[in-house]
Amino acid sequence: MALLLNSTMTVAMKQNPATAVSFMQTTCLGSSFSPPRHLQVSCVATNPSKTFRPIKEVSNQVTHTITQEKLEIFKSMENWAQENLLSYLKPVETSWQPQDFLPETKDEDRFYEQVKELRDRTKEIPDDYFVVLVGDMITEEALPTYQTVMNTLDGAKDETGVSLTPWAVWLRAWTAEENRHGDLLNKYLYLSGRVDTRHVEKTIQYLIGSGMDTKYENNPYNGYIYTSFQERATFISHANTAKLATTYGDTTLAKICGTIAADEKRHEMAYTRIVEKLFEIDPDGTVQALASMMRKRITMPAQLMHDGRDDNLFDHYAAVAQRIGVYTATDYAGILEFLLRRWEVEKLGMGLSGEGRRAQDYLCTLPQRIRRLEERADDRVKRASKSKPSVSFSWIYGREVEL
């Protein structure tokens, strides 16, 4: 029977994939199986290359730019990483878990009571906050992409999947810690009843399928500079959603966002420590790498966000985050200033080449230039738009939110 079924399925898939899906549902799952209405149409993509490509054009993809000399410098840090990097990880047994913040499922009556309390706390929170919180959660849920991309860094890869190099151990454990963030926010949002879960889930699938344009070039110098910046950005974002949740009266949600922010801060400390060490042993190469990443402009990891409807979903989500003060253009310049101070870029002297000194000069004046550009852009927006534009978000059942 199995052989006959496999043979029949093979022929059917070649002739008509949609028929094969229907045949499998009837034969393998029973004739009484009735999938949800939106799944009754063929689930086989008619044009996979178009369906699963990023919503925005990704160009100028460059790979493996690190020189052998720089690679050897990075590899020389392995003992240092073993002694200094892994200490930023927390033991699993003493780590918080999502269930610590969610309704208890063991007691049915208590569960329903706690869900009602959760819904009562969240029912008056404005839609714009939920748009930003959902966007933050979706960003966290794209964790498979981040681990995949980090595992492309030359000299820092987990070559076997169970490698015991400090870089591999860190990457797996960092991923495990980060995994709790999306899990917790996703469950809380689901229980709140305030969001259209299916459209949120579609966005997550689209985002993971689209990938991420980091411009790392497989270079660990670039990779750890990027993660230093991004962990700082996510720390700021989650800390601000925590403050707003307190303002709106949901102390549990505030604690959730604050706990996630604390994780991001610890991870920021780890990644900035790696780059600090790179500055110590190779200041010229590291300052040039930092300048290169800033010239390419470090972008948020969810830039390719899409829900199947809004081609500019990330920009709209980011605009709402800017308006309510969760993550702003001013924060971008502030993060750069913070990192330049942290790595003492202005104090670099001996050991810099001519190109290194030019990179240093560029970086030290960049925050001020970014702020000036932001001010001009804000002025143009204010002059051009007397009315307040709004956009419909599928995440909140198509309701409109001001940008």
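Cβ atoms here come from the backbone N, Cα and C positions, even for glycine.
Predicted, not measured: the structure shown is a model, and the values here were computed from it.
Annotation comment: Swiss-Prot describes 1-44 as transit peptide, evidence class sequence analysis.
Within the same chain, residues at least six positions away from E264 (Fe cation 1 binding site) with a Cβ under 8 Å of its Cβ are E231, R232, T234, F235, H238. If you look up Swiss-Prot, you'll see E140, E178, H181, E264 marked as Fe cation 1 binding site.
Among the features that Swiss-Prot reports, Fe cation 2 binding site is placed at E178, E231, E264, H267, with the record citing similarity to another entry. According to DSSP, E264 (Fe cation 1 binding site) is assigned to a helical segment.
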Inter-residue C-alpha distance, H267 (Fe cation 2 binding site) and H181 (Fe cation 1 binding site) (nearest angstrom): 13
E231 (Fe cation 2 binding site), number of other Cβ atoms within 10 Å: 23
Least surrounded among the binding-site residues, given as E140, E178, when other CB atoms within 10 Å are counted: E178
Shell of the Fe cation 2 site beyond E178, E231, E264, H267, same chain only (C-beta within 8 angstroms of their C-beta centre): W174, E177, Q230, T234, F235, D263, K265, R266, E268, Y271
Those binding-site residues listed as H181, H267, and which of them has the most Cβ atoms within 10 Å of its own Cβ: H181
Additional residues surrounding Fe cation 1, by Cβ distance to the E140, E178, H181, E264 centre under 8 Å: L143, E177, N179, R180, G182, T234, H238, I260, D263
